[in-house]
Amino acid sequence: MTPGRQAPRRPAMIVTRFAPSPTGRLHVGNIRTALVNWLLARGGGGRFLLRLDDTDAARSTAAFAEAIEADLAWLGLNPDDRVRQSDRADLYEAEFARLIAAGRVYPAYESPEELELKRKLRAARGLPPLYDRAALALTAEERAAKEAEGTPSHWRFRLDHGSPITWDDQVRGEQRFDPALLSDPVVRRADGSWLYLLPSVIDDIDMGITHVVRGEDHVSNTAAQIQMFEALGAAPPVFAHLALLTGSEGALSKRLGSLGVDALRDEGIEAVSLAALLARIGTRRPVEPVDSVEALAKGFDLADFGRAPARFDMAELEALNTRILHALPFDAVAARLPDGMDAAAWKAIRPNLTRLSEAADWWAVVTTDPALPELTAEDRAFLARAADLVAAGASDWAGLTAALKAETGRKGRGLFLPLRLALTGRDHGPDMAALLPLIGQDRALARLKAAAKE
Ligand code: GLU
């Protein structure tokens, strides 16, 4: 290669990651982040990885890790690979040693109380809570003395104040930070444990992450992390910071903020409904029903996301869930339907559902004879006539009701309601024309006869 000329960069395959800490259940905010990372990877034929940020050993649990996997699987956001930070201590140690050698991390000896005092003093002078780099100013002798005294040291990353930190955020546009206005971040605690910032960068490099998409609460972390990528000799990935979610009344309510995916599932929300909403709120594209999460990957573009907070509205989710259910094909739900319920039954019953679980109730209406309805003598006589017609072979609803109408002069409610009551035990429900063939001639006849009896 000619000196001074860079090799053309190969268009890299998109590699994204979702990096939750297994210290709790996933809520709608995390799921949105996972989904957008998945869509970005899938939409571009790339890879989507799961990384469990479990460096906080005290709060991370195997049960939460399993629950995260289960929630992702429920949503159909299956990772192509998965890693756990707790398995990668050797890598962090090696990279940390490189940063020490390069003078990009330094030990700091202040206790939490001292730091708090420094913050207060600065606040009293109207200064922002910036770390004053006192530890960086220590001479080798002073440092040796601290070590000899056994003063515990934590470690800070030394930000380079030389030039502004900039990046072209795929959601927020051009970002610019003056590193001198940021504290050198603590990257490692005195007990040797890691804070999130540095391991995340080491992993993103090692895992070949090309795009980091996360919530806008991470924007200032990104500024520091960009310098960490550079200090480790890597080009930073593309960054995109999603605007936060809010509830319908403005700020995200406590309930919504902590609204677990598990709670939504238990409430009967379809995974695809949640995905369809979360993929579009806060974007310029409409929320629309789809029948699979894959369908959302078509035409997915980070540039569609805006900077304004995205509004998450439970009522909108419920309405979308209903619309989606009414259009879901049998194959998408077959495994979750009651035994014996076939495609025709699904088609007949789904327009009446707001939750898939309600299908079982309507299927029971088909398969189980109802309690006898209260009817007038006149209605019973009418049903006896209906029974005769069914016995004589009338099996379709249109034919049966047309014949009854012609014979009895009944119409509207007077014609339909007694039949519905006798056949289903309910005064409302799926279209009888679709339901009657499911009930079948034998059961229909038995129900009409039973209801017609005194
Ligand atoms: N574990 C971090 C979090 O949950 C990951 C942030 C990131 O995506 O880098 O906030």
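Quick reminder: no glycine exception, Cβ is built from N, Cα and C everywhere.
For LYS254, the entry in TrEMBL reads ATP binding site.
As annotated by TrEMBL, domain 'Glutamyl/glutaminyl-tRNA synthetase class Ib catalytic' applies to 14-284.
What TrEMBL lists as domain 'Aminoacyl-tRNA synthetase class I anticodon-binding' is 348-451.
Remote same-chain residues near the motif ''HIGH' region' (20-30) are listed as 52-54, 56, 59-62, 64-65, 67-68, 71-72, 196, 215, 244-245, 252, 256-262, 264, 274, 278, 312 (criterion: CB distance under 8 Å, separation of at least six residues from the stretch ends). Among the features that TrEMBL reports, motif ''HIGH' region' is placed at 20-30.
Annotated motif ''KMSKS' region' per TrEMBL: 251-255, in sequence order.
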Arithmetic mean of per-residue pLDDT over the domain 'Glutamyl/glutaminyl-tRNA synthetase class Ib catalytic' (14-284): 94
Helix-strand-coil residue split for the domain 'Aminoacyl-tRNA synthetase class I anticodon-binding' (348-451), DSSP-based: 75 helix, 0 strand, 29 coil
The motif ''HIGH' region' (20-30) - residue tally per DSSP class, helix then strand then coil: 3 helix, 1 strand, 7 coil
